[in-house]
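Novice: Here you go, one structure.
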Amino acid sequence: MCWNAEVSLNSFIFGVISFIITMSMNTIDYKYLLLPLTVSSMQLVEYFAWKNINNKEAMAIISLMGMSLILLQILIINITVLHGKELTLTLTLIITLILLTSLAILTYVINNNKLRMEKGVNGHLVWHWADIPIPLLIIILSFYFVAAFMNNGKFKLIIILAFILLLISLYSYYKYKTWGSMWCYYANFGWIFFIGYSLLNLYKRKIKK
């Protein structure tokens, strides 16, 4: 994500303020703002990581916080998209699979001493806890998209955008081992979009009156 503690903290603060501003305009359902808020919250995790870069004990706890946020992102996506009584069984099954996969990943990470982060060659943090076997990686990443695919194409454009952003993150991961190099930019530009979209909707409401 961001390349030092100060930038990470400023990005987090910008995200929280943007969330509050967007919520106050009341033009976007709050559940659609929770996902970008988790991305901004990851920047707070990275702030603590930068501040404790040489503290192994603290870094293990911070790494668990980062893993928990990724899990929360996936749960938010699936619960938001697959809401409704007719999808309760499907959602329950998917959540169960997500939790089982997360448990397998956590077991692998702990057994292989990967609860740590360090500065990468590109100046961003390397999330060693995200360096997992390909099968587990494919399974956990699929949960970012499976719910949207099941929703009759309603989220088609979002899926395409998310896939493009994922490809950029994968490139960063395989070149530098830094998953979140671009997430700082994703979050900040995303909040600018949400604020602009909300202002436009408020303007449209004013015209209609």
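Every residue gets a Cβ built from N, Cα and C, even glycine.
Note that the coordinates shown come from a computational prediction; the quantities given were computed from them, not determined experimentally.
Quick paste of what TrEMBL says about this protein:
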TRANSMEM  7-28  transmembrane segment
TRANSMEM  58-82  transmembrane segment
TRANSMEM  89-110  transmembrane segment
TRANSMEM  130-150  transmembrane segment
TRANSMEM  157-174  transmembrane segment
TRANSMEM  186-203  transmembrane segment
Novice: Determine which residues of the chain contact the transmembrane segment (7-28) at the Cβ level, with the cut-off under 8 Å and only residues 6 or more beyond its ends counted.
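Specialist: Hits for the transmembrane segment (7-28): 1, 36-37, 39-41, 43-44, 46-47, 50, 184, 187-188, 191-192, 194-195, 197-199, 201-202.
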Novice: Are there residues at least six beyond either end of the transmembrane segment (58-82) with Cβ under 8 Å to its Cβ atoms? List them, or say none.
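Specialist: Contacts of the transmembrane segment (58-82) (Cβ under 8 Å, skipping residues fewer than 6 from its ends): 31-32, 34-35, 38-39, 41-42, 45-46, 48-49, 52, 90-91, 94-95, 98, 102, 105-106, 109, 114-117, 127-130, 140, 143-144, 146-148, 150-151, 155.
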